[in-house]
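Here is what Swiss-Prot records for this protein:
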| type | residues | note |
| --- | --- | --- |
| ACT_SITE | 49 | active site, charge relay system |
| ACT_SITE | 90 | active site, charge relay system |
| ACT_SITE | 115 | active site, charge relay system |
| REGION | 158-169 | region 'C-terminal short (CTS) helix' |
| TOPO_DOM | 1-14 | topological domain 'Cytoplasmic' |
| TOPO_DOM | 36-172 | topological domain 'Lumenal' |
| TRANSMEM | 15-35 | transmembrane segment |
């Protein structure tokens, strides 16, 4: 009789713990977004265009609070192209003008040409508002899990299945 009461309580406890983990992760993400002033304070390098500086799968930490200084040539930035939601990590190679309306031209370290072909149609340069953040640190290869899960959707299902089995089999 006692075990029949304990099982729903154990299930409720596991559900609440799972909700706590999700809400904590969300709060940490939003906190980092506010502190760094970036919609994406952490990004994963998706291609080899920035080698040797960054490898595919590196986890980058961004900072977008350049209140007292401008974005400079040589700075590695992450930007989004209008109409696409894939962040691009490249270095600023040219700058025209100063202030918030300065025109910026970017290029991947491992690319032959600049990024004008990557920009939105009719856009020849980036402006400061297009920049998601400047790279201030990184952890090598940690983001490779994200790449694997994106490139192999079946892997997501396997991982979710394994986590489900672990939750069911877990005993306190």
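Backbone N, Cα and C atoms are what each Cβ position is placed from, and that goes for glycine too.
Distribution of Swiss-Prot features across the structure.
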{"residue": "49", "record": "active site, charge relay system", "Cβ neighbours (10 Å)": "20"}
{"residue": "90", "record": "active site, charge relay system", "Cβ neighbours (10 Å)": "22"}
{"residue": "115", "record": "active site, charge relay system", "Cβ neighbours (10 Å)": "21"}
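Summarised by DSSP class, the composition of the topological domain 'Lumenal' (36-172) is 29 helix, 38 strand, 70 coil. Residues belonging to the region 'C-terminal short (CTS) helix' (158-169) score a mean pLDDT of 82 in the model.
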